[in-house]
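K.L.:
My questions all concern the structure below.
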Amino acid sequence: MGKGDWRQGRVEMPCAHVSRLHKTCVQVRVRVTMASSEEDGTNGASEASDEKEAAGKRRRLGLLATAWLTFYNIAMTAGWLVLAIAMVRFYMEKGTHRGLYKSIQKTLKFFQTFALLEVVHCLIGIVPTSVLVTGVQVSSRIFMVWLITHSIKPIQNEESVVLFLVSWTVTEITRYSFYTFSLLDHLPHFIKWARYNLFIILYPVGVAGELLTIYAALPYVKKSGMFSVRLPNKYNVSFDYYYFLLITMASYIPLFPQLYFHMLRQRRKVLHGEVIAEKDD
């Protein structure tokens, strides 16, 4: 073998070796890439499976929430219907409003207190409504039932009590039936109409009844000192229920117009939407 051949041989041998090494590296890279692709595919499939499972869970929770809300609203509609029938029957039999509250108070207390669940519904997010607004509305009703009418028995026969009872009853039957049919995706037009029109009269009548009832309670509260805390005491605090009721009555002045005009805006929004839909058709 000549010197040139030897040199040529030395050159050819590394090239062959490099070629084999290159092939080996390519194979390794291919295997790594395939392994990586398989891993990515596995991860992707796992993520897709997790998303699907999460979506299924949300769907099940949504169905469960809808089922519970449907049951709740049906129960509340039935409860207030029972109250309405009891009030009509009492008046037809007795011919007077005296004794009416006493005859229905247990049913009223149960269903009005049961409405506290509406605050829970807002807290856990199954109803997209403000917790604060719902809490104020529910607590004001419970306040009227337990801390005014129930606690001050001499005012139970006041005509103002009948005013807010009738207003509440018609309003709640309409409201809960509206929610029920909406959840069932079958809302009759007359229920929708009642929901957005009856409040125009019922809301002011109900507020008037509440204010007049609180006003009628003031002399009894002042005379008895009920729910009041006087000084001196070990906690060094005082509370006068009489003045608390005066402040409560005064709070209706700014709050009532805000809520009432908000409801009027909602009514215009809904009715305006219906007009546009009819024109488009």
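Here the Cβ of each residue, glycine as well, is placed from N, Cα and C on the backbone.
Look at Swiss-Prot and you will find Tyr203, Glu210 tagged as active site, backed by similarity to another entry. The N-linked glycosylation site feature in Swiss-Prot is assigned to Asn236. According to Swiss-Prot, the topological domain 'Cytoplasmic' annotation covers 1-68, 125-134, 174-196, 263-281, on the basis of sequence analysis. What Swiss-Prot lists as topological domain 'Lumenal' is 89-107, 153-158, 215-244. Per Swiss-Prot, the feature transmembrane segment maps to 69-88, 108-124, 135-152, 159-173, 197-214, 245-262.
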K.L.:
Could you check whether the transmembrane segment (135-152) packs against the transmembrane segment (69-88) - three or more CB pairs closer than 8 Å, residues at least 6 apart in sequence?
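P.N.:
Contact between the transmembrane segment (135-152) and the transmembrane segment (69-88): absent.
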K.L.:
So which of 69-88, 159-173, 197-214, 245-262 has the most C-beta pairs under 8 Å when paired with the transmembrane segment (108-124)?
P.N.:
69-88
K.L.:
Could you measure between Glu210 (active site) and Tyr203 (active site) for me? Cα positions, answer in whole angstrom.
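P.N.:
Tyr203 (active site) has its Cα 11 Å from the Cα of Glu210 (active site).
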K.L.:
In Å, rounded, how far does the Cα of Asn236 (N-linked glycosylation site) sit from the Cα of Tyr203 (active site)?
P.N.:
40
K.L.:
What does the DSSP secondary structure composition of the topological domain 'Cytoplasmic' (174-196) look like, as residue counts for helix, strand and coil?
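P.N.:
Its residues fall into 17 helix, 0 strand, 6 coil.
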K.L.:
Give me the count of other Cβ atoms within 10 A of the Cβ belonging to Asn236 (N-linked glycosylation site).
P.N.:
7
